[in-house]
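A.B. asks: Quick one: structure below, then a few questions.
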């Protein structure tokens, strides 16, 4: 902790591991370009630091969700190709053009607005086309996309990329994935001049049929397992530590936390951490989460509150479980996937919620 911020958690982000993960995914992609998804502040790791680290590793194409994220990405990555996945909000075309950003167009209305802007400017500006193959969120249907191929609707647009998004690529042998792969291949064949991109983190490991010319990993870059149920080929990127504020011994029958939802089964030693759900640590992990103190797994007891977490450190060495020491909530064998599972959610949500008040440290 710094002298001005002695409370709270410390989020350590290993940019060397981030770069190594990109290189591992690029190797797996076997000839396809490996882009990087850096939306949601690079999954909570900091777009201003993660983006340049990925650029230095060799990444040249980046994806974000919002225009505001793209503006931050452009400031950090002046030479990169940057696509905005959530498309073209009405009236936003000038901002895209002024910052050399590329919208991912997913409806006839967006295509018409972008084309009209290009005509008015006398420029054919680049954009991606989004075809929906099963997610039913954003994108043209396969039939709508096929109707555009070779037609006048795209004459004024420098369409550069065709994308879709896999629903459940992490599920081996998934029938929905097989159908998406086939539908996307059918549409991609009608746009031979466009780079095609289907594979996400898990899709990168599905072989050439799901990769096409570009893969777009996100979660795996930041240490998430792209193949749940199997060994994680990615290196951990994020570590979360919190300071122990106080240690106390409690007798059998003592309760801890709001609503007295935990009762000591015997004499226990409890440590209170300077961390809570206001820091993005999930309240849903109450009674299920764990932390590591001096190599020992210690259960979270009682209800996780806004600013504090209670650990049962009875089995941890007393010299380690003391005021001012640190407990590790992500790291030391506790990966983001496990933390998510213990909170009844996914590691993506854990990553993107962290760091609201945490001190950040980067390993370059």
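Even glycines carry a Cβ here, placed using N, Cα and C.
Copying in the features that Swiss-Prot gives for the protein in this structure:
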type	residues	note
MOD_RES	39	N6-(pyridoxal phosphate)lysine
ACT_SITE	39	active site, proton acceptor
BINDING	137, 306	substrate binding site
ACT_SITE	258	active site, proton acceptor
A.B. asks: Provide the number of Cβ atoms within 10 Å of the Cβ of residue 258 (active site, proton acceptor), excluding the reference atom itself.
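C.D. replies: A 10 Å sphere around the Cβ of residue 258 (active site, proton acceptor) contains 12 other Cβ atoms.
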A.B. asks: By Cβ count within 10 Å, point out the most packed of the recorded positions listed: 39, 137.
C.D. replies: 39
A.B. asks: Work out how many Å separate the residue listed as 'N6-(pyridoxal phosphate)lysine' and residue 137 (substrate binding site) at their Cα atoms, rounded off.
C.D. replies: 17
A.B. asks: Do you know offhand how many angstrom separate residue 137 (substrate binding site) and residue 258 (active site, proton acceptor) by C-alpha?
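C.D. replies: With distance taken Cα to Cα, residue 258 (active site, proton acceptor) is 39 Å from residue 137 (substrate binding site).
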A.B. asks: Give the helix, strand or coil assignment DSSP yields for residue 306 (substrate binding site).
C.D. replies: coil
A.B. asks: Cα-Cα, whole number of Å: residue 306 (substrate binding site) versus residue 258 (active site, proton acceptor)?
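C.D. replies: Roughly 11 Å, rounded to the nearest whole number.
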A.B. asks: For a quick check of packing: other C-beta atoms within 10 Å of the C-beta of residue 306 (substrate binding site), how many?
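C.D. replies: Summing over all protein chains shown, residue 306 (substrate binding site) has 10 other Cβ atoms within 10 Å.
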